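Undergrad: One structure, as structure tokens, below. Some questions next.
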Number of protein chains: 2
Amino acid sequence: MHQTHDIQILPAPVIRLIEELNRLPGVGPKTASRLTFFLLRAPDDLPLALAHALTALKQQVQLCSRCYFITQGDLCAICANPARDQRVICVVEEPLDVVAIERTGVYRGLYHVLHGRIAPLEGMNREDIYFDELLDRVRAEPVEEVIIATNPNLEGEATAFHLQRALAPLGVRVTRLARGLPTGGDLEWADPGTLGSALEGRREM
Amino acid sequence: MHQTHDIQILPAPVIRLIEELNRLPGVGPKTASRLTFFLLRAPDDLPLALAHALTALKQQVQLCSRCYFITQGDLCAICANPARDQRVICVVEEPLDVVAIERTGVYRGLYHVLHGRIAPLEGMNREDIYFDELLDRVRAEPVEEVIIATNPNLEGEATAFHLQRALAPLGVRVTRLARGLPTGGDLEWADPGTLGSALEGRREM
């Protein structure tokens, strides 16, 4: 990744930071180098504040003991909020999905973060994600509906299928996010799968 | 930059890291958030190694006492190398410019890093960059030629002009990087300024 000249003339800490930044997704050698030289020029507080924030992330953030969203305490802000509807659990793959759904402002129930999806080809099976923990919650909590909000792709659908099969015997209502045309989208540009889902899921006006 | 819901549900260290990353050039709120959640999932060693590299950058890297390139010791790798031609100094604006010129493999002289350029409108004057330090070097060292390699833009040209005027009385040869068509470029797409420079700088074949 680095040419010989760089290694000969750049101080070791500079090369190390370029290499560490290069490990981040979407950060190639050029961007890593640009960021490093920016940080060299920046006032001391910027790289040090970033270093502290990185250290604090791993030391202070853990998973909620109930829903596996991220939290500083035992329960996350959503589980700890008694105003949330305790009868609905929305199942998502990753913590960022919770943020996305919260942004809509239309959901007032709880969450369950799987931290992955079932993808046998990648070695991800039911026991590698928080799958059985969801079943335990449905048995123990006053849950009436589980909304499956895994991603609308192959692995997400497979995960939804396994969840539905496992939840059915527990006597809870299982729903899935609607498929259809994206708001603001253009029918002409919709892919056949999306358009097909929109037709199948058509509703009375 | 963050909507209310994010702040309500995300732990403080997560928000802090998103905000710190967001201060980097080219990293918007979405990228900062994506990187933060990647780091949350990543093995412990990755964010901690990055934190250490950031801390080391400021603690261990300083400017070369002679040419102001970056170094871990007193002199940078180039100034400390007796095989470099001590009679030529190439003047650049930023440390990354040294890396770019070294990559060409055609230059064997020394450097002088100004750490900026003269831009009065931005409050950058001669005394805000390592301008007079270059004059001191030319007086004290066995320099025969100064190659001005400031950027080929308005501020870079203005800086080159001031350098040339200040260096002329010192009896040293002052040259400027050639302007012309970029290698691999297409004449049809060259801007008028570049094409004009290429015509003016034409050479015997």
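Every residue gets a Cβ built from N, Cα and C, even glycine.
This is the feature table in Swiss-Prot:
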type	residues	note
DOMAIN	A:87-182	domain 'Toprim'
ZN_FING	A:64-79	zinc finger
Undergrad: Given the model, what does the mean pLDDT over the zinc finger (A:64-79) come out as?
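TA: Here the mean pLDDT over the zinc finger (A:64-79) amounts to 96.
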Undergrad: Quick one: DSSP breakdown of the domain 'Toprim' (A:87-182) into helix, strand and coil?
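TA: Across the domain 'Toprim' (A:87-182), the residues distribute as 42 helix, 21 strand, 33 coil.
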Undergrad: Let's see if you can do this one: DSSP helix, strand and coil counts over the zinc finger (A:64-79), in that order.
TA: 0 helix, 2 strand, 14 coil
